[in-house]
Structure formats: C-alpha cells, structure tokens
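Asks: Before anything else, here's the structure in question.
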Amino acid sequence: MTPHVMKRDGCKVPFKSERIKEAILRAAKAAEVDDADYCATVAAVVSEQMQGRNQVDINEIQTAVENQLMSGPYKQLARAYIEYRHDRDIEREKRGRLNQEIRGLVEQTNASLLNENANKDSKVIPTQRDLLAGIVAKHYARQHLLPRDVVQAHERGDIHYHDLDYSPFFPMFNCMLIDLKGMLTQGFKMGNAEIEPPKSISTATAVTAQIIAQVASHIYGGTTINRIDEVLAPFVTASYNKHRKTAEEWNIPDAEGYANSRTIKECYDAFQSLEYEVNTLHTANGQTPFVTFGFGLGTSWESRLIQESILRNRIAGLGKNRKTAVFPKLVFAIRDGLNHKKGDPNYDIKQLALECASKRMYPDILNYDQVVKVTGSFKTPMGCRSFLGVWENENGEQIHDGRNNLGVISLNLPRIALEAKGDEATFWKLLDERLVLARKALMTRIARLEGVKARVAPILYMEGACGVRLNADDDVSEIFKNGRASISLGYIGIHETINALFGGEHVYDNEQLRAKGIAIVERLRQAVDQWKEETGYGFSLYSTPSENLCDRFCRLDTAEFGVVPGVTDKGYYTNSFHLDVEKKVNPYDKIDFEAPYPPLANGGFICYGEYPNIQHNLKALEDVWDYSYQHVPYYGTNTPIDECYECGFTGEFECTSKGFTCPKCGNHDASRVSVTRRVCGYLGSPDARPFNAGKQEEVKRRVKHLGNGQIG
C-alpha cells in the first residue's frame, strides 16, 4: 500500500519516490558526488521503509534519508543533504504566510492588516506588538487548534472566524456587561491594590476607568457598563453628604446650596476625567477600550445629574480643539412616561441628548418598549450591538450585568447566492450545509473555554467583573452555560444576496424581494434556536457590523467569481440587513424597511439614518427618534461634524477612495482636521486611522436620508 504524505501546511499528497531521488541528486551535485545509482538505491530503500503505512509525515521521510546517507560511503553527501534540507526550510519559511505577514507589519506594507481595525493605530509600538502577537496566534490556531474544514472555509471566505488573532489561541471571550455595581459595592483586588468601595463620585469614576482598562485587556470585544447613571448614583449621594458636612463644619450659611453646587461641579469634573481617561488609555490589546455607557432610565436627582454630566462633557469635546470623543459610545434609553414626550419628568434630558447627537453623533438611542419586546428584557448592548437574552439566577431574578458573549462566526451569504447561480433551491441547500459548518466552528469557541481556570483572568472571574467570585482553580466554563452567555451566528450582505439570486429590481422597491430577504434571516434564526435547544448554550443571531468583513468577503468573492454587477462590483458588501447605502429614501421609510429584522436577529442589531447638519433643527431629529420609538429598538444618528483647523470649516468633508479633504481649503493633513464617521456601530476617526478600502468605499457612497419636509 502506498501511503499519503502529510506536508507542513497540513495538505495530504500521494507518496512519490521520484521526489526523494531528485532531492538526493541535487545534494549529490552540490557535494560533487557522481553516483546516480547510489542515489537511486537510497531513494528505493527509504521508499520501501514507508510502504504499508496509511500516512507518513514529511519530516519522517527526510530523517530516514539522512540516516541512510550517514550510514553510507559518502559522508559529504549526507552533510550536503542536511544543509540542502536546512536551506530549503529557511527559504520555505521566508515564502510562508507567517513570515510574509510579519514582514508586512514590520515594513508597514500590508494595508489590509494595518487598517483592519479603525480603532488601532498601527504606527505605534504597542499596537504593532499586539498585531504581531495576533499574526502568530492566527497562524497557530489555523495550523494546530481548529478543524481543517473550518480553517479552509474561513480561508475561502465561506465563513469568517471573527477575532482569530485572539481566540481560540487564548481562552478569551468577545464582549460583556461589567458588573460594576457589584465590584464597587463589594470591593475587589486589582494588581497589588485592594480597592474598597469609593466614598465619592470622583473616586468612583476613577476606579471605573481602571476597571474598564483591566477588563478590556482580558477580552477582545466591547466593554459595556449598563445603566451607569443608576449604578453610580449612590456615589453622587456620598459626595453631596461630604460637601454638606464640610459646609456645616465651616458654618457656611447656605449649607444645602453649597453642597449642591460643589456636587454638581464634582460630578461634571468626574465624568470629564472619565472621558479623558478612556480616550487616553491603551489596553494590552493595543487600542483604546471599546467601551459603551448605557444611561437614561435613572429618575433620582443623582442619576439625572450623571446623565447631564455625561452629555454636557460630550458636547464640550476633547482638548483645545474640542474634538469629538469617539469613546465611550453613549447609548441613551428613552421610555414613555419618563423622558419620551413633553410632560415626562426627564424630557429635558432627552432635549440635551438630541443636542448632543446633532453635534457629536452620540448618543444612539435605545427605545425601552421595543428593546423589551425584541430581546425579552431591557439592557444596553454589549459593545456596539450584541444583545443578551433573558436569563434568571437561582432566585428567579433577571440578571444582565456580569454576562457576556463567547464569540461570533459569520456567514458569507452573497457567496452562497453566487454559488447557487440564481437557483433558489440550490441556495437553500447550500445555506443548510454552511450552517452545519458554522455550528461546528462556534462549538470550537465553547470547547476552548472548557477546563480553563479562573486564575487566567482574575478581574473577570475572581474579582467580580463577570458577576462571580470564583477561586483561582475553579473552572470558568460553568458560568457560560444554560444561556447565561450568548454565542452568535453572524451574517452579512442581505442586499447583495438578493441581487445575486434574483437580479433586476432593487430589493427596497419590490415587496416580494423584501420577503425573500426576511425569509433568509428567518432560516438563520431557526437554526440558532435549534442549536440552543440541543446544546443548552445561548446561541443567538447577530447582524454582523462587518468593519473589515465587508471588504474581505467581497475581495475573496471577486477573485472567485469576478466582478458581478450588483454584488461584487462596489468593492464591499452591505452591513447585515441594512438598506443599500446608495438608496435615497427618507428616514422613516428606511426604518420601516429595516424594522422586520431586529426581532429575528435579536442577538445583535442597530438601525441608523444619515442626515445633513441638523444642529438648528432638533425638532426634525426628535421627530425621527419618536418614529423609531414605535418601530425599532436601537437607533443611531449619522450627521456631518467634521472640522478643519486650517480654515475653520465645520460640516462634511469630501470623502474619496484615498481619504478625506476639507471642501473649503483642500486641507487633508490628519493633524489639522477632525473627521468622524460611524464605522459600523462605533464611531471612528478615519483621518488619523484610515478605514480599509471596502469600508472607505462604502462611506464614500452613503447618501442622506431626507424627506417628509422635516429634514434637509
């Protein structure tokens, strides 16, 4: 029986004795040994040794050749063969993918790697160190950790194994809601310091910044603090009591007025410091923490003060140029009877949120009733759009804080449609096959966390960030079971999928095509519900943000299928279920088009609208917000807030495939402009940290959503 040879890259090829003979002859020529018969004999002996086996490793063959040569009469030939093998290994390594990617990083020539994440400044050493570690982690995971069919599917672009530079090499998870309340009230240990419950709002926000930095260094996705205004309200009370006590000790006549004034100032300063801290931090991942603050539901005066402080600081901007802060992402909750309409007690806070959104794009809004309807309970998204389902502890209490998402695998839907060649039945068959593969890939994320001990991430598992206080040698996997954690199937390109399958009319303009798009997402939802039932894990459907993926999938599909009109011709794929960015509709109709999808993909979603400058037309923006309240759970506002520090222009810079330029003076010096765009769910500063080519093209093609006589 002739064996198969397992090569270094994992491929299997038929065994051929001729290749052994050729390698020995090349070494013989280098050693000036003129004995072809001897070389043929050695090759024959080694071939005989390999017979009868199913599979042999390439290194076994080479070692057998070396042993045979060293026992023969030509020692110089043995030496030449060993040197030849060594030189070949070095040359192969230089040509290898790992070496090429490292060289692309060191020489700053690999644009796709350098611009993969708009939040990472690949020009600085800490980020380069993280990128280098990521290159190695990806390589090792592909070669040694993941099943071969999963790796091949990822490489082809059938699926995308997100964050392969971190997981599964490291036992890390994606995003989470920090149990900040538990940590601050019970105390915790961080590094060498024992942290006691803070005695003021300024101390509480300082500690919060350190918690964010630590947590963000132990996970690879977004870090969210849910209902931060309510969590930190007791520390505002503590500050007030401290200032009141000072006033009484010093016999200040209006002790209450003094305490109020000092508390307002301290709270504003505390959240200013927190915003600066977040935007100047670099985590161990080489980036500013992807952090989100959810707020808006608090009714106490302390919670209201926190809400105002967060919004007024964001409006004020960062530094001498008052730049728009990219982080934290702000998510403002709106609830009827609280802050939704005139007469509601916190309606004034909503007005401040509208002003902030018109000037700084954030906050995005969470519509309370819709969030509960779609996800089962109210909570802030983890990161930019990942939503947890309902989970109750042993006491029957709904718990959100301390929970997390284990990771995402995304499907390339347009590729399936292209492979189906317009045949809908073939599409559904291929989709079911890909779903089997996606589930297998997702299960590797779960398996990677089995047997992992709490000591690998004390801040998460031992000090309360995950809502638990485990011992160092406790297994962490138990806290991810029974739906406590989510794990998500993602998808991209509903728009291109419909085009590839049916062509012709735009999906927006055809009710039947709309129904086809919804049906695809319904099938994905059925799959994750089935997986959840079968495994007990919290499988969910997630509308992938696709900052990098919009470019990668399209690039791979263009190489495979060519430039296909309406599919691969733009250089990017449309984000999840979103309306084509070039389709000119009003914001209300865009909401209506996208509204059917969040209830299906309730593990992750966002809707947004593109607007002109609306700083002097807040009523128009409020009208859209109010419309969204009845239709979608989560809504974002994109509006031009670019600034030129050369000529003073404010508004929207010209977006080209090469970058952004001031329309007034032509300035495109990144150090003399401020450009802010929504990357996916987060904002980014593409002037300083460029988007990848596909995302840049998508941003360039975005049109404003105008109409109904309200906007524009």
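Even glycines carry a Cβ here, placed using N, Cα and C.
Values in this document were obtained by computation on a predicted structure and should not be read as measured data.
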Asks: Which of the listed residues, GLY221, GLY681, GLY694, has Swiss-Prot annotated as glycine radical?
Replies: GLY681
Asks: Write out how many residues of the domain 'Glycine radical' (583-708) are helix, how many strand and how many coil, based on DSSP.
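Replies: Each residue of the domain 'Glycine radical' (583-708) counted once, the result is 32 helix, 28 strand, 66 coil.
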Asks: Take the C-alpha atoms of CYS662 (Zn(2+) binding site) and GLY681 (glycine radical) and report the distance between them in angstrom, rounded.
Replies: 25
Asks: List, in sequence order, the residues of the same chain other than CYS644, CYS647, CYS662, CYS665 whose Cβ lies within 8 Å of the centroid of the Cβ atoms of the recorded Zn(2+) site.
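Replies: Sorted by sequence, the hits are GLU646, GLY648, PHE649, PRO663, LYS664, GLY666, ASN667, VAL673.
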Asks: Counting by DSSP, what is the helix, strand and coil composition of the domain 'ATP-cone' (3-92)?
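Replies: Reading the DSSP string over the domain 'ATP-cone' (3-92) gives 60 helix, 9 strand, 21 coil.
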Asks: Averaged over the domain 'ATP-cone' (3-92), what pLDDT does the predicted model reach?
Replies: 86
Asks: Work out how many Å separate CYS644 (Zn(2+) binding site) and GLY681 (glycine radical) at their Cα atoms, rounded off.
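Replies: Between the Cα atoms of CYS644 (Zn(2+) binding site) and GLY681 (glycine radical), the distance comes to 25 Å.
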